[in-house]
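Notes follow once the structure below has been shown.
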Amino acid sequence: MSGELANYKRLEKVGEGTYGVVYKALDLRPGQGQRVVALKKIRLESEDEGVPSTAIREISLLKELKDDNIVRLYDIVHSDAHKLYLVFEFLDLDLKRYMEGIPKDQPLGADIVKKFMMQLCKGIAYCHSHRILHRDLKPQNLLINKDGNLKLGDFGLARAFGVPLRAYTHEIVTLWYRAPEVLLGGKQYSTGVDTWSIGCIFAEMCNRKPIFSGDSEIDQIFKIFRVLGTPNEAIWPDIVYLPDFKPSFPQWRRKDLSQVVPSLDPRGIDLLDKLLAYDPINRISARRAAIHPYFQES
């Protein structure tokens with residue numbers, strides 16, 4: 001089921017992800033033409049217990065995901081009881097770095113935003129159709145290839161390994177793209193957690209800065225409330241069942257999204273509004289988002 005570490009020649013360390021170090025490597029297996037791959041070393045919380053078999057099963061499912069908008073997982077290397085390496089298609093640019101490379105006073109451009117959004121919605125829709133959630137979507141794990149197309153990375157890893165509070169580097173894992181049902185302590189969540197994140201990324205591509213940039217869970221919740229208004233049972237009936245919801249939360253009024261994201265046309269605002277619906281039941285699906293009028297030629 002898993003390959004051998006000797007099949008890969010490490011070239012250099014290229015980064016540190018949520019779960020461990022990422023290396024640029026050569027795939028030495030016959031017939032692969034020495035292609036360049038990303039070798040992700042997974043550091044597991046409980047070093048003493050080894051790699052859980054559930055994680056291996058989950059990750060094996062990810063090898064079946066084959067879509068233009070998803071970073072391919074080529075191989076799984078379980079070198080010993082404690083170490084796991086995932087071998088992915090290599091892409092050296094992510095959306096965060098891509099945006100940082102464009103001067104802050106310049107827009108990304110409406111056409112680029114629309115193209116990336118379409119690729120993001122299609123990639124998520126594909127994964128959701130295979131019953132796989134991402135749960136940790138953010139610009140850092142949206143990768144851009146040399147043709148300028150966007151692909152989703154780190155899909156399904158959250159279910160296999162959990163979403164840690166801190167990355168193994170002790171850097172706090174960002175809350176900026178996290179759905180309100182998760183922030184409010186909900187344990188039963190579904191595909192809506194990813195479509196919320198798409199909405200946050202959409203607004204960020206337009207505004208060139210995060211729409212909700214909290215530095216703690218409560219700050220994140222209040223940042224959302226300040227823009228979208230404090231939710232109540234009328235607009236989100238199940239909110240009262242979320243463990244961390246308090247009727248005593250400060251009451252903010254909703255802002256007009258067209259003033260929050262002024263560069264977006266009315267169709268774009270409508271899509272953003274549907275992605276950032278409070279009640280996950282009312283949140284647009286990725287499949288429906290991909291056929292929203294925003295994407296039609298205007």
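Counting begins at 1 with the first residue displayed.
In case you wondered, yes, glycine gets a Cβ from its N, Cα and C as well.
Pulled from Swiss-Prot, these are the features on record:
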ACT_SITE  ASP136  active site, proton acceptor
BINDING   VAL14, GLY15, GLU16, GLY17, THR18, TYR19, GLY20, VAL21, VAL22, LYS40  ATP binding site
DOMAIN    8-295  domain 'Protein kinase'
MOD_RES   SER2  N-acetylserine
MOD_RES   TYR19  phosphotyrosine
MOD_RES   THR169  phosphothreonine
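Other than VAL14, GLY15, GLU16, GLY17, THR18, TYR19, GLY20, VAL21, VAL22, LYS40, the residues of this chain whose Cβ falls within 8 Å of the Cβ centroid of the ATP site are, in sequence order, LYS41. Its Cβ placed at the centre, VAL22 (ATP binding site) has 19 other Cβ atoms within 10 Å. Residues VAL14, GLY15, GLU16, GLY17, THR18, TYR19, GLY20, VAL21, VAL22, LYS40, recorded as binding ATP, reach a greatest CA to CA spacing of 14 Å. Reported as a whole number, the C-alpha separation between the residue listed as 'active site, proton acceptor' and THR18 (ATP binding site) equals 10 Å. Annotation for the recorded positions THR18, TYR19, GLY20: lowest Cβ count within 10 Å of the residue's own Cβ, GLY20. Comparing local CB density within 10 A for the recorded positions GLU16, ASP136, the maximum falls on ASP136. Mean pLDDT for the domain 'Protein kinase' (8-295) in the predicted structure: 91.
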